[in-house]
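Student: Quick one: the structure is below, and I'll ask about it shortly.
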């Protein structure tokens with residue numbers, strides 16, 4: 001019997017999508033033991049209050065919706081003050097985008113909500129931080145409101161019905177802002193550097209989600225790493241460690257090179273890969289893109305100042321920036337020490353010699369640093385005796 005002939009129109013199946021700037025390290029499928037360890041990880045994270053319950057999530061969503069309603073109302077008021085034509089005022093719209101942990105779907109109890117207010121081209125930044133600030137300040141739901149404009153990304157911080165919210169602002173080159181607005185690269189044109197920085201909070205978050213092969217595994221691993229980092233006191237860009245976006249990029253890169261691994265394996269691989277990483281080799285989720293807008297981008301080959309960065313973790317959207325510019329040699333050394341500790345614990349977990357709770361234990365500060373404290377105390381005592 002002859003074999004059936006293939007249709008001439010049949011096309012070969014599309015090759016599997018590759019993620020990241022290099023091929024995967026391993027494409028192994030998870031074993032039964034690894035799936036069991038992942039279930040145990042989920043239960044442990046729940047025990048440690050790493051998840052936000054549905055009621056709290058709804059409260060946060062309601063807060064953002066109410067703020068967006070106030071923002072749209074304010075935009076209409078500004079249009080009337082500026083004598084903008086009625087046909088423009090009626091369609092001015094307005095949109096608030098959440099980003100960071102909220103948009104990634106990994107927010108935990110006590111996390112701030114990061115939100116971006118996007119307005120049309122004729123809205124001035126100063127109006128947002130004066131006129132809209134005053135509108136917010138008189139709302140009974142708003143407490144502890146203040147503006148911080150001295151940073152590279154100005155922000156209004158507040159508590160709205162008990163939920164901490166950071167509000168950013170950007171205007172884009174449009175007369176109206178629809179609900180389905182796409183914050184693509186084309187909207188960067190004719191925008192100020194400050195607006196572009198504000199826009200990139202959301203754009204980076206979106207690109208991270210597009211850069212991982214399994215979003216659910218990514219979220220679970222990021223929750224675990226966030227909890228570990230907070231418990232070990234190394235979750236803070238202000239203190240010279242890493243902030244939320246840096247941790248997200250680090251986790252996303254591990255997901256790229258182990259595309260089929262389950263969360264328990266990815267947590268272990270996170271510590272293993274970064275324990276061997278040769279900093280300052282940068283972490284990148286995709287090849288840099290240049291849209292010829294003459295915006296400053298991180299590039300150690302061209303910019304001498306970028307060569308001083310000890311831990312480059314690069315954003316995946318244009319203009320690329322190092323999210324870990326605050327890290328110093330001393331904080332990097334502490335970070336590496338904690339990574340080595342995490343590797344040892346997760347190796348034991350993989351071998352059923354420890355459980356996940358051990359990974360999330362807080363350090364014994366006095367025991368860890370008692371020698372240093374004792375030496376410093378002796379030095380102070382010696383100085384006092386000499387002065388006498």
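Each Cβ is built from the backbone N, Cα and C atoms, and glycine gets one as well.
Feature table excerpt (TrEMBL):
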type    : residues                                             : note
BINDING : 99, 100, 101, 112, 113, 114, 166, 226, 235, 244, 245 : ATP binding site
BINDING : 112, 114, 166                                        : Mg(2+) 2 binding site
BINDING : 112, 114                                             : Mg(2+) 1 binding site
DOMAIN  : 20-212                                               : domain 'Poly(A) polymerase nucleotidyltransferase'
DOMAIN  : 217-362                                              : domain 'Poly(A) polymerase central'
REGION  : 1-30                                                 : region 'Disordered'
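What does the local environment look like for each feature on the list?
Tutor: Just so you know, the Cβ of residue 114 (Mg(2+) 2 binding site) picks up 23 other Cβ atoms within 10 Å once every protein chain is counted.
Counting Cβ atoms from all protein chains shown, residue 166 (ATP binding site) has 18 others lying within 10 Å of its own Cβ.
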Student: Would you identify which of the binding-site residues 99, 235 has the most other C-beta atoms lying within 10 angstroms of its C-beta?
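Tutor: Output for this query is 99.
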Student: With every protein chain in view, how many other Cβ atoms are within 10 Å of the Cβ of residue 113 (ATP binding site)?
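Tutor: Other Cβ atoms found within 10 Å: 22.
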Student: Sorted by position, what residues of the same chain at least six away from residue 112 (Mg(2+) 2 binding site) have a C-beta under 8 A from it?
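Tutor: Residue 112 (Mg(2+) 2 binding site) has long-range Cβ partners 100, 164, 165, 166.
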Student: Other than its own, how many Cβ atoms are within 10 Å of the Cβ belonging to residue 101 (ATP binding site)?
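Tutor: Neighbour count, Cβ to Cβ under the 10 Å cut-off: 23.
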